[in-house]
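Going by Swiss-Prot, these are the annotated features:
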type	residues	note
ACT_SITE	C105	active site
ACT_SITE	H249	active site
ACT_SITE	N270	active site
DISULFID	C92-C119	disulfide bond
DISULFID	C102-C145	disulfide bond
DISULFID	C138-C181	disulfide bond
CARBOHYD	N41	N-linked glycosylation site
SIGNAL	1-19	signal peptide
Amino acid sequence: MALSLLLAVVCAKPLVSRAELRRIQALNPPWKAGMPKRFENVTEDEFRSMLIRPDRLRARSGSLPPISITEVQELVDPIPPQFDFRDEYPQCVKPALDQGSCGSCWAFSAIGVFGDRRCAMGIDKEAVSYSQQHLISCSLENFGCDGGDFQPTWSFLTFTGATTAECVKYVDYGHTVASPCPAVCDDGSPIQLYKAHGYGQVSKSVPAIMGMLVAGGPLQTMIVVYADLSYYESGVYKHTYGTINLGFHALEIVGYGTTDDGTDYWIIKNSWGPDWGENGYFRIVRGVNECRIEDEIYAVYLD
């Protein structure tokens, strides 16, 4: 009985607290930390369920040749010192969304990249919202609200395709188990699918990543998450506090730049809602593989 109560208390540990915030602020991080409304009633256990566990990531076989800087330079040369998808393609920008308690960051980031690159290439003349829910529920090589991985996700979008959010809206916000794969749109009409032409992994070269962003738009990446990220409000994030890896988190890289004091950064679109961070986005140090952000990055090819 005592052990059960102890486990319940551990699992109910709040993700954020003012005491922990003070400890972070005492370290004088190069970014602003605060109490995030998004996580004020979330436990650490619930937060972990929003992330991707290591056992949900497949062994990396190295079978997918990375896109090299030489290939990128054939697409864009010289590579500009800064790029922001929101400024370059304002007609394509959609608000940052909130995945809720479902561990579906893998789907939100992939669908974001898919739609943004379609718009950047002129396939869609304006921003179209594609369905995260269809991908979560129907990509059976992934784990629904319990995480997913890059290659099975992009394989699904290449061979099966994505439908629109108008057809299948997101319903797993408060779920930890994915809803069944729908046979028709929410209104009963047939599901129309839009396929990717293929996908590729970008090399770990920072210039190659920058060039691929400029050449075709946002890319998908993944980071290791530590406790301090949940407190992020603004600035260029650098891991400052917390030694425990809480899980992996898939994200959308939408640009890069350099601060006035010379700090290079990536611009990231998150899936924790528009009230977190910088209107749902955050910046993270570029060029030092901060939180493994430059380890594994994917681009989608479109007709």
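Cβ atoms are placed via backbone N, Cα and C, with glycine included.
Remember, predicted model here, so these are calculated numbers, not experimental data.
Everything Swiss-Prot records as a feature, shown here on the structure.
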residue: N41; record: N-linked glycosylation site; Cβ contacts under 8 Å, 6 or more apart: none
residue: C92; record: disulfide bond; Cβ contacts under 8 Å, 6 or more apart: F85, G115, D116, C119, A120, D124, E126, A127, G217
residue: C102; record: disulfide bond; Cβ contacts under 8 Å, 6 or more apart: M50, I136, G144, C145, D172, Y173, G174, H175, T176, A178
residue: C105; record: active site; Cβ contacts under 8 Å, 6 or more apart: M50, L51, I52, Q99, H249, A250, L251, S271
residue: C138; record: disulfide bond; Cβ contacts under 8 Å, 6 or more apart: F156, T160, C181, P182
residue: N270; record: active site; Cβ contacts under 8 Å, 6 or more apart: A96, L251, W276, G277, G280, Y281, F282
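Mapped onto three states, the DSSP output places N270 (active site) in coil. The 10 Å shell around the Cβ of C119 (disulfide bond) contains 21 further Cβ atoms across the protein chains shown. When the disulfide-bonded residues C145, C181 are compared by the number of other CB atoms within 10 angstroms of each CB, C181 has the fewest. The number of other CB atoms found within 10 A of the CB of H249 (active site), across every protein chain shown, is 23.
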